[in-house]
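According to Swiss-Prot, the protein carries these features:
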SITE      ASN169  site 'Transition state stabilizer'
ACT_SITE  GLU268  active site, proton acceptor
ACT_SITE  CYS302  active site, nucleophile
Amino acid sequence: MPTLYTDIEIPQLKISLKQPLGLFINNEFCPSSDGKTIETVNPATGEPITSFQAANEKDVDKAVKAARAAFDNVWSKTSSEQRGIYLSNLLKLIEEEQDTLAALETLDAGKPFHSNAKQDLAQIIELTRYYAGAVDKFNMGETIPLTFNKFAYTLKVPFGVVAQIVPWNYPLAMACRKMQGALAAGNTVIIKPAENTSLSLLYFATLIKKAGFPPGVVNVIPGYGSVVGKALGTHMDIDKISFTGSTKVGGSVLEASGQSNLKDITLECGGKSPALVFEDADLDKAIEWVANGIFFNSGQICTANSRVYVQSSIYDKFVEKFKETAKKEWDVAGKFDPFDEKCIVGPVISSTQYDRIKSYIERGKKEEKLDMFQTSEFPIGGAKGYFIPPTIFTDVPETSKLLRDEIFGPVVVVSKFTNYDDALKLANDTCYGLASAVFTKDVKKAHMFARDIKAGTVWINQTNQEEAKVPFGGFKMSGIGRESGDTGVDNYLQIKSVHVDLSLDK
């Protein structure tokens, strides 16, 4: 018999747990149909943690049938008030288990427990509380007067069966943002975690069952993207798919939808987000925000301000202080245990990602001969895992691959601009449009930037501060659609128009 559970000990926090390893279908953990497994590795040590069941096409079909039966027979007939009760039950369980869930994120994704993983759980709790309280208060249609004898009304109805594919940089936070919006709207869900980071979502599935959600409403099927992701994208009985990940894979998901049943689609893809620092900004605060916006989560954030443009009159001063802040507050050396409060910058997710980021650093240093600053020598002495020191490249030209490509690590490029028009041109010169930030005390200038920048999110005098009530999504090649807030529910609803004729035959 395949192993469906294992015991995990986290001695640093005195946490012991029974970790599910199976596919979660119809509220039960089960083996994959072919018995294949995936080994998951602790990125802080490079050592294996455990192995979990890997779904295949047959398992996807099994999950779809479970989700379809649950939608047709139970969930579509469940009132919004009752859905809110289930989400409220889930909220209580998340609050009770938040340290365990955060610890699994630290173990499996390398997130520093105290400064990062616990913050993720706080955001998940906020999101769950929002949807639990709002689920029966959304506008689900409107009446439209037409003539004396005719009117129409609209109904917002769920799609039905929704597939969701979540990334490895925010495994549980992204899953909850997608899952809870879809559930609040009345859909059933099949969710695929990233193969690097499946443990927290599998454990979360136990809370789904405890919260009272009927069997088949939420199904968790870990596996490889090339197998499970492809099967979800092409399945003819899935009504909608939501994906977060790279732009390249997002394009494949879009193509799969077009080649199958034209399922509705939401994509949240890559970014190369700019942060603009004007000469009238509070320089110290701007530097603190910009450092946090690229080095937090080891730069593995789709909205990371990986391009920083500074007005030429304060450029040298900014660069000097930015390097000082990076060294003082974000240094990695000797802080290799993400469960230790001293660890602020964790490892990147895998050896593959480590090598990829390293190649960009080497290119910038040797091939492009850019000015470079790192908080520690690299490779870092004593590090067993995939640790990369915060890296700052300065005076970077627009032609540089480091400025054009999404590196997805603690690597930032800094360049200068002369005036507003110059800054805006530089900021918009990218195929991406996920997020942006501007630092200035000039209210008019700040709102002009918000108007003119081609990005789905704009932060003024801060960066990377997402809120549960606020829609999130990208422009251009950064995505299609929005999640979070009321819009995050509308995203999982479709509109039906009803025409009513009141005229009487004579």
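Here, residue 1 is simply the first one shown, and the rest follow in order.
Note: Cβ is positioned from N, Cα and C throughout, glycine not excepted.
GLU268 (active site, proton acceptor) sits 9 Å from the residue listed as 'active site, nucleophile', taking the C-alpha atoms as the reference points. Geometry remark: CYS302 (active site, nucleophile) versus ASN169 (site 'Transition state stabilizer'), CA distance 9 Å. Counting only residues at least six positions away in the same chain, the Cβ atoms of ALA109, ASN297, GLN300, ILE301, CYS302, ILE349, PHE408 sit under 8 Å from the Cβ of ASN169 (site 'Transition state stabilizer').
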